[in-house]
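These come from TrEMBL:
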DOMAIN    1-179  domain 'Formyl transferase N-terminal'
BINDING   11, 12, 13  N(1)-(5-phospho-beta-D-ribosyl)glycinamide binding site
BINDING   87, 88, 89, 90, 104  (6R)-10-formyltetrahydrofolate binding site
ACT_SITE  106  active site, proton donor
SITE      142  site 'Raises pKa of active site His'
Ligand SMILES: Nc1nc2c(c(=O)[nH]1)N[C@@H](CN(C=O)c1ccc(C(=O)N[C@@H](CCC(=O)O)C(=O)O)cc1)CN2
Ligand SMILES: NCC(=O)N[C@@H]1O[C@H](COP(=O)([O-])[O-])[C@@H](O)[C@H]1O
């Protein structure tokens with residue numbers, strides 16, 4: 001399966017996809033990486049792993065539509081578009097160009113804490129459990145059908161940085177797993193519901209705060 005990956009920053013989720021492909025665990029190729037930021041460290045990862053990349057900056061275009069058209073053109077031929085820390089809100093026009101072919105990794109258990117700084121939102125809310133979500137991208141921000149989620153504990157002395165790093169360690173497993181499921185044709189979308197054939201839905205992680213009562 002041919003991937004097009006959109007990034008804006010460090011690219012650790014991109015690296016997780018690269019590692020999965022290079023280890024043989026992920027039967028895909030990354031045909032193009034597109035960054036909206038010239039200095040994104042994700043591009044250093046592309047250079048290191050000889051992955052084609054483009055920088056397409058919003059400020060170089062007079063309209064959002066022209067910006068997105070350039071990205072759509074660059075993504076021609078891919079089977080799946082992966083938003084891996086891509087920090088731009090995409091229009092309905094873009095999404096319609098790739099119907100149910102765009103996925104995103106978000107650092108919360110949607111529908112909680114949508115948008116930017118989801119980790120900080122969870123901390124400020126006082127949540128004891130947060131997590132990460134891989135979902136299909138729809139026009140409504142971070143609200144598309146959920147493919148898979150992972151729970152992550154929030155510790156009393158957490159900062160935004162410590163919590164973000166902990167969530168990232170789960171993201172790096174969740175995103176490649178979701179991409180592999182899609183490449184295997186196991187993901188079926190039925191309205192808001194997504195069913196993954198053969199996935200384990202029965203067991204939940206232990207609830208650490210739950211005491212014997
Ligand atoms: N139409 C959609 N676009 C995007 C989605 C989506 O689900 N639907 N997911 C996001 C990823 N994302 C969180 O996971 C996210 C990215 C960016 C923002 C945001 O508020 N961006 C601002 C500022 C942009 C910047 O500073 O460069 C903005 O674009 O106005 C919120 C959530 C990707 N796109
Ligand atoms: N709302 C979008 C959002 O917050 N995405 C988050 O940005 C980080 C990118 O890290 P990376 O560049 O190292 O993959 C990840 O934590 C991802 O969940």
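Every residue, even glycine, has its Cβ placed from backbone N, Cα and C.
Locations of recorded TrEMBL features on the structure.
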residue	record	Cβ within 10 Å
11	N(1)-(5-phospho-beta-D-ribosyl)glycinamide binding site	23
12	N(1)-(5-phospho-beta-D-ribosyl)glycinamide binding site	18
13	N(1)-(5-phospho-beta-D-ribosyl)glycinamide binding site	25
87	(6R)-10-formyltetrahydrofolate binding site	13
88	(6R)-10-formyltetrahydrofolate binding site	17
89	(6R)-10-formyltetrahydrofolate binding site	12
90	(6R)-10-formyltetrahydrofolate binding site	22
104	(6R)-10-formyltetrahydrofolate binding site	24
106	active site, proton donor	25
142	site 'Raises pKa of active site His'	20
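Across all of the domain 'Formyl transferase N-terminal' (1-179), the predicted model scores a mean pLDDT of 98. Using the Cβ center of 11, 12, 13 for N(1)-(5-phospho-beta-D-ribosyl)glycinamide, the list of other same-chain residues with Cβ within 8 Å runs, in sequence order, 7, 9, 10, 14, 15, 16, 42, 45, 84, 85, 168, 172. In three-state terms derived from DSSP, residue 11 (N(1)-(5-phospho-beta-D-ribosyl)glycinamide binding site) belongs to neither a helical nor a strand segment and is classed as coil. Only 142 of the recorded positions listed as 12, 13, 142 bring a Cβ under 6 Å of any atom of ligand 1; the order follows the sequence. Among the binding-site residues 12, 13, 90, the residues whose Cβ lies under 6 Å from any atom of ligand 2 are, in sequence order, 12, 13. The separation of residue 142 (site 'Raises pKa of active site His') from residue 104 ((6R)-10-formyltetrahydrofolate binding site), Cα to Cα, is 8 Å. Closest to residue 89 ((6R)-10-formyltetrahydrofolate binding site) by Cα-Cα distance, out of the recorded positions 11, 12, 13, 106, 142, is 142. In this entry, (6R)-10-formyltetrahydrofolate is bound by 87, 88, 89, 90, 104, whose most widely separated C-alpha atoms sit 12 angstrom apart. Looking at residue 13 (N(1)-(5-phospho-beta-D-ribosyl)glycinamide binding site) and residue 87 ((6R)-10-formyltetrahydrofolate binding site), their Cα atoms lie 14 Å from each other. Across the fold, the C-alpha of the residue listed as 'active site, proton donor' and the C-alpha of residue 87 ((6R)-10-formyltetrahydrofolate binding site) stand 11 Å from each other. The residues near the (6R)-10-formyltetrahydrofolate site, meaning same-chain residues not in 87, 88, 89, 90, 104 whose C-beta sits within 8 angstroms of the mean position of the site's C-beta atoms, are 6, 83, 86, 141, in sequence order. The distance from the Cα of residue 142 (site 'Raises pKa of active site His') to the Cα of residue 90 ((6R)-10-formyltetrahydrofolate binding site) comes to 11 Å.
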